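Features as listed in TrEMBL:
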type	residues	note
BINDING	Tyr124, Gln186, Asn209	NAD(+) binding site
BINDING	Ser233, Gln255, His258, His323, Asp356, Glu410, His415	substrate binding site
BINDING	Gln255, His258, Asp356, His415	Zn(2+) binding site
ACT_SITE	Glu322	active site, proton acceptor
ACT_SITE	His323	active site, proton acceptor
Amino acid sequence: MQVIINPHQENWSSILKRPAIDNSSLQEKVKAVLDDVKLNGNRAVKKYTNDFDKVTLNHFAVTSDEIEEAEAMLSDALKSAIKQAATNIEAFHIKQLSPPEIIETMPGIQCWRKNVGIEKVGLYIPGGTAPLFSTILMLAIPAQIAGCKEIILCSPPSKDGKLNPAILYAARITGVTKIFKIGGVQAIAAMAYGTETVPQVYKIFGPGNQYVTCAKQMIQQEGIAIDMPAGPSEVCVWADETADTDFIAADLLSQAEHGADSQVLLVCNKETIAKSVITAIEEQLKKLPRQNFAIKALENSKIIVLENTEDAIELINAYAPEHLIISCKDDGQLAERIINTGSVFLGNYSPESVGDYASGTNHTLPTNGFAKAYSGVSVDSFVKKITFQKLTQQGLQNIASTVVAMAEAEGLDAHANAVKVRMEK
């Protein structure tokens with residue numbers, strides 16, 4: 001990791017730059033798959049599953065027998081862990097629903113807003129080197145709480161034509177029954193356009209590689225909603241002399257192991273902290289099975305020493321990290337000053353990995369600086385908010401002159417007339 005000491009503010013932008021992601025070269029390939037699935041449905045999905053996943057499937061839907069078989073393959077310890085995580089995630093998310101409140105804006109005028117679950121949603125769950133069964137909990141639980149009527153799940157099959165057992169178990173305990181062994185761009189296309197067996201959805205959620213990310217961005221242009229712009233995982237740790245440098249190293253590596261395009265950042269107030277963390281990283285790396293991924297990610301990562309607290313706050317808000325760990329004295333007060341991040345972890349005993357799995361908060365968060373304008377996934381992500389209004393005759397009389405004056409000033413006489421015609425009867 002590169003160590004930068006008290007950089008001038010004019011250099012922050014270049015220092016904080018993420019690893020470049022150029023999707024332009026992918027777009028032609030991704031569009032070809034999208035168009036093929038849109039036109040040819042399951043036949044195209046089968047072809048790309050064979051090409052990319054190296055398995056030939058005649059049926060994509062997961063059967064109830066496969067789900068039961070998967071459950072039997074898991075240890076009791078893992079099943080218990082998944083259930084505990086699900087319980088915590090549900091407890092946190094269920095409080096996000098609020099009942100409609102009727103507001104009387106003027107005598108005779110009532111307005112209210114109602115949450116309505118998006119009718120059909122699709123969840124994409126990556127497989128590969130790290131099958132993210134935890135993401136099912138993070139997406140399916142708020143979808144169920146929101147009242148989504150149809151939840152579709154797609155995940156790439158392994159070479160034996162099956163899905164990871166933990167993925168199927170997590171789907172079962174969250175009530176997801178429409179599960180398909182489809183991955184990559186073809187999965188996004190199948191959910192976006194529908195096929196003979198995969199229902200079309202209105203919004204697609206879930207992480208993926210650069211091809212999946214590109215596909216989600218492209219189908220968004222055709223009217224299919226997506227959760228948020230996606231990018232590689234990242235963490236920023238803000239530490240002072242009260243932090244444990246072994247903990248810091250572990251937190252940085254927990255993100256770096258996601259992949260070579262991940263980025264980790266340490267902001268600290270003393271150069272001695274930086275040196276100690278680097279030593280701890282070198283020691284802990286030796287024990288990691290995914291050390292090759294972590295080493296590549298660390299090449300794109302930095303330690304920034306800022307002695308001034310105000311500078312540290314400003315730099316972190318400029319970076320807008322997906323995850324922020326504050327391992328400093330007065331962490332609560334400092335957290336109040338942070339306005340751009342996806343999720344915050346306070347104190348020495350709040351590792352980011354707890355939020356990834358089981359504390360209850362959602363791990364589907366904005367990356368690549370999008371935390372300046374986007375929130376992480378919540379129950380709100382799965383609902384539409386429909387507004388209502390009801391006026392009595394007296395209520396319309398009370399507001400008629402206001403509406404008529406504004407409509408006529410905008411040159412929309414028919415708008416004004418819709419009020420006038422009622423007042424004349």
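Quick reminder: no glycine exception, Cβ is built from N, Cα and C everywhere.
Sorted by the number of other CB atoms within 10 A, the recorded positions Glu322, Asp356, Glu410 start with Glu410, the lowest. Set side by side, the binding-site residues Asn209, Gln255 differ in how many other CB atoms lie within 10 angstroms of their CB, and the most is found at Gln255. For Asp356 (substrate binding site), the nearest neighbour among the recorded positions Tyr124, Gln186, Asn209, Glu322, judged by Cα separation, is Glu322.
Compute the center of the Cβ atoms of Tyr124, Gln186, Asn209, which mark the site for NAD(+); besides them, the chain residues with Cβ within 8 Å of that center are Pro126, Cys154, Pro156, Gly183, Gly184, Val185, Ala187, Ile188, Gly208, Tyr211, Val212, Ala215.
Taking only the Cα positions, the spacing between Gln255 (substrate binding site) and Gln186 (NAD(+) binding site) is 28 angstrom. Here Ser233 (substrate binding site) comes close to Gln255, His258, Gly259, Ser262, Glu322, Thr367: these same-chain residues lie at least six apart in sequence, with C-beta atoms under 8 angstroms from its C-beta. In this structure, the binding-site residues under consideration are Tyr124, Gln186, His258, His323, His415, and the one with the smallest number of other Cβ atoms within 10 Å of its Cβ is His415.
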